[in-house]
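Peer 1: As annotated in Swiss-Prot:
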- Ser203: active site, nucleophile (ACT_SITE)
- Asp352: active site (ACT_SITE)
- His386: active site (ACT_SITE)
- 488-497: compositional bias 'Basic and acidic residues' (COMPBIAS)
- 498-512: compositional bias 'Basic residues' (COMPBIAS)
- Asn316: N-linked glycosylation site (CARBOHYD)
- Asn361: N-linked glycosylation site (CARBOHYD)
- Asn453: N-linked glycosylation site (CARBOHYD)
- 480-512: region 'Disordered' (REGION)
- 1-17: signal peptide (SIGNAL)
Amino acid sequence: MMYVSLVHWLALAVALAVPFVTALGNVPYPQDDPFYYPSENGWQNEAPGTILRERKIQAASLGIFEWKLDAWQVLYRTAGARPDKPSYTVTTFLVPSHAHRDRVVTISSPENSNFIQCAPSYAFRKTGVLEIANFEPRWEQMLYTLFLAEGWIVNAPDHEGPESAFSAGRFGGHMVLDSMRAANNFKPLQLSSNPMHIGHGYSGGSTPNGWAASLHESYANELNVVGWSLGGSMTDPLYTLNSLDGKPTSSLVVAGAIGLMDAYRDEVGNLLDDEVWTEEGKIAEKVMRNSCVYESVIRYFGATFQSERYIKGGRNLSSWPQMRKISNMNTMGHNPRFTPRKPIFMFHALYDEEINWHQANKTAVEWCNNGANVRFLTYSSTSLVHVTTYLLNLPYIVQYMRDRFNGKDWYGGACQFDVESQNPALDVNVLGERFRGILEAALDMLGKEIGPNDSILKNRLKAGQNPNTHHKTKLHVLKKGDISPGEGGDHTKESKKAAAKFKAEKKHGKHH
């Protein structure tokens, strides 16, 4: 049975019912805006994170609802798929009232497209007209006030860069890390001399965020990163694209293939046009390059792309050696050299209908085998799917970030794998409280001052208190020290069974 998340169904319904609108003159699209491109030659010689352009903006949601905070956008020098390949992109800084100048949360919003018009930075602009197109980053931006309410400065990079290279993780990882450098370099933010950074990304945002975590040590180890949060994680590009084919969001198969090839075009040339696509496939590529994710999903809802209609010979994308090579290079955990060295919180629904749980779990296990510090939380309820898992984990994410900024221990530097079988949505009180907080967040964007003294989660997210008070994993019984995959810390049947299985295998020498 195929599932489509409720939020996605609603988004599709809105997209079909409301005509797409365009910016009316005062805010040009990125492809028409000189700000998105370096003004002079020589930018390639600047250090990564160097500011090339800057501007103050009026931030807004859906193009019309103003955010009452300070907001800037900067164009900065970064790197492409390889660290020695100069590139550039834009990031957006959001500064709440009474901001903590030593705490920055970098959020990689899902873009999931091959069209620069879908960039998160454009979605932040007040255009003066209702903007329904490019809904993917816009719905997540409504959740940013959960972080702004804490007094944290938010940094939101266009991690797909000028190529709009969706699914190219290393590419996005460089851009995320360099956005942190840009934040440190941007004087109007008035950051402390060594500010703390946390990276966060869910779904399509997990890819650049996870790779930023992986590349931090080798590419930008001067950054004071204190933690990473990622969920619904797309850690293996081809695995994800294969699993999506024929499903409601199958247009991502084409978008992902395009993104991977664009990031490495100097190595693979025009592989897709020359060897892969049929005429129908070329039409699909053109659609992807001129539409945002929900438009392409509507156009190709449920299509099977790895078929003779779209691909020559009906071959699987993984049958091309170039595709396999690039996908392996962009698979988290594949190379032990790129193992994150800062605390990580990962969470994933076992029955995620969009991004398969197994790839994320495999990455967590491989990272742990190479010395990472990870908590991997699995939700085993069949009623939790891709988007709802994110929404219901927001309090966990906020608490995790608080703990990281406050320097609290994270499982003794080891790994912890837990299973949560209870669905918080089954408890009406939890559902009501959580979504009340989210609705308050939305209301705060419609006119209230955004900062640590506003109404968001004021009663529910009190300092030092875990906000998940119903059916939560029992944090006080989580073990410390060296904990291997499968050894859970809660009292659910799944966790006990996994721990017993692991101990039995360890006794017989299957684990070392």
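Cβ from N, Cα, C; glycine included.
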Peer 1: Among the recorded positions Ser203, Asn316, Asn361, point out the residue whose Cβ has the most other Cβ atoms within 10 Å, with all shown protein chains included in the count.
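Peer 2: When each Cβ's neighbours within 10 Å are tallied, Ser203 leads.
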Peer 1: Around His386 (active site), how many other C-beta atoms are within 10 angstroms of its C-beta?
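Peer 2: His386 (active site) is surrounded by 23 other Cβ atoms within 10 Å.
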Peer 1: Looking only at DSSP and grouping its letters into three states, which state does Asp352 (active site) belong to?
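Peer 2: Looking at the DSSP assignment, Asp352 (active site) belongs to neither helix nor strand, so coil.
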Peer 1: Can you grab the distance from Asn361 (N-linked glycosylation site) over to the residue listed as 'active site, nucleophile'? Cα atoms, rounded to a whole Å.
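Peer 2: About 14 Å separate the Cα atoms of these two residues.
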Peer 1: Under 8 Å Cβ to Cβ from Asp352 (active site), same chain, six or more residues apart: give me those in sequence order, or none if nothing qualifies.
Peer 2: Gly232, Val385, His386, Thr389
Peer 1: What does the structure give for the C-alpha distance between the residue listed as 'active site, nucleophile' and Asn316 (N-linked glycosylation site)? Integer Å is fine.
Peer 2: 23
Peer 1: Give the three-state DSSP assignment (helix, strand or coil) for Asn316 (N-linked glycosylation site).
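Peer 2: For Asn316 (N-linked glycosylation site) - judged by DSSP and reduced to three states - the answer is coil.
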